[in-house]
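A.B. asks: Right, I'll just put the structure down here and ask away after.
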Amino acid sequence: MARTANETSPLLSHGNRQAQSPGPLERLGICLKTEINPQHADLLLLLCYTITGLLDSSAVFIWGSFVSMQTGNTVYLGLGVSGLDESGRSQRWLKSLISIASFCLGSFLFAVLHHSRVVFRSPRQRGALFFSFLLQMACVAVAATIVTLEKQSKSVPLSWKIAVPLALVAFQSSGQAVTSRVVGYSSLTSVVLTSIYCDLFSYPALALTTTSAGGGKKGDEWRRLGAVLALFGGILVGGLWAKSEVGLKGALWTAVVLKGGIAGAWLVWSGEGDDEDVVYPA
């Protein structure tokens with residue numbers, strides 16, 4: 001008896017089975033679109049404090065202005081406008097203005113990157129955080145390249161060789177502050193310690209006089225202490241780089257490596273729903 005075509009065809013073709021499970025590109029897309037779980041994300045923000053200390057200490061020593069902590073730059077700018085800037089040809093007040101303007105522009109653009117929903121539907125998507133730190137790394141890498149090729153010293157007058165890398169590093173530092181808001185650790189901006197000191201040393205008094213300071217607040221205290229230590233550690237390393245023969249470029253290239261490490265960490269960071277078993281039909 002002759003068999004019909006339906007009798008000889010397989011019940012489920014291999015092509016259909018392959019179509020039902022995502023391929024590598026589709027898996028990558030799912031990974032980038034997945035929202036990260038913010039638990040323990042404060043560890044990466046504490047590393048950002050180290051980067052801030054590393055860059056600011058070197059920048060102040062060589063360029064005479066901050067690239068992250070804009071409070072100090074505002075003081076320098078005010079002194080310059082008042083006619084009290086004694087930095088001479090290096091024009092510290094103008095460098096401070098460049099840094100402040102770049103930081104403000106970066107704050108706006110990084111916020112747009114996370115919240116515009118044009119590219120990323122959620123500010124906490126792995127892709128948004130990865131691209132943010134990839135952009136930060138690229139900015140520092142370009143600045144490091146310029147500093148490596150062009151000699152930098154405290155006595156060199158202000159020119160594009162200083163203004164461009166200064167602007168790039170200040171621009172990218174705002175991305176760290178925006179990220180702290182995105183992942184839910186608003187106090188860990190990585191660009192300021194004054195409020196950290198206030199909260200750190202006012203907490204013991206509040207714990208003694210009120211009942212609202214519960215055990216959950218202990219985690220906040222450890223984060224604040226970690227922020228101070230991380231920044232101080234970065235300052236020590238940045239100071240060592242600045243006074244060595246390597247100079248500012250050593251601090252910048254170190255920051256490039258650390259930024260790249262954080263960018264890669266977001267790609268493998270646990271996501272919301274990762275613990276759920278995904279079953280593809282056979």
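Placement of Cβ uses the backbone N, Cα and C atoms for every residue, glycine included.
Nobody curates TrEMBL annotations by hand; they come from automatic prediction.
Quick paste of what TrEMBL says about this protein:
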- 1-21: compositional bias 'Polar residues' (COMPBIAS)
- 1-22: region 'Disordered' (REGION)
- 43-66: transmembrane segment (TRANSMEM)
- 93-115: transmembrane segment (TRANSMEM)
- 127-149: transmembrane segment (TRANSMEM)
- 225-243: transmembrane segment (TRANSMEM)
- 250-269: transmembrane segment (TRANSMEM)
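Please situate the listed features within the shown structure.
C.D. replies: Among residues of the same chain six or more beyond the transmembrane segment (43-66), those with a C-beta under 8 A of the stretch's C-beta atoms are 72-73, 76, 87, 90, 92, 95-96, 98-99, 140, 152-154, 162, 166, 169, 173, 176, 179-180, 183, 185, 188, 190-191, 223, 226-227, 230-239, 241-243, 247-248, 251-252, 254-255, 258-259, 261-262, 265-266.
Nonlocal intrachain contacts for the transmembrane segment (127-149), taken as residues 6+ away from its ends with a CB within less than 8 angstroms of a stretch CB, comprise 32-33, 36, 55, 110, 113-114, 119-120, 161, 164-166, 168-169, 171-173, 175-176, 178-179, 182-183, 247-249, 252-253, 255-256, 259-260, 262-264, 266-267, 269.
Non-local neighbours of the transmembrane segment (225-243) in the same chain are 46-47, 49-58, 61-62, 188, 190, 193, 196-197, 200, 250-251, 254; each lies 6+ residues outside the stretch with a CB under 8 Å from one of its CB atoms.
Cβ atoms under 8 Å from those of the transmembrane segment (250-269) belong to residues 31, 36-37, 41, 44, 47-48, 50-51, 54-55, 57-58, 126, 129-130, 133-134, 136-137, 140-141, 143-144, 147-148, 165, 169, 172, 237-238, 241-242, 244 of the same chain, restricted to positions at least 6 beyond its ends.
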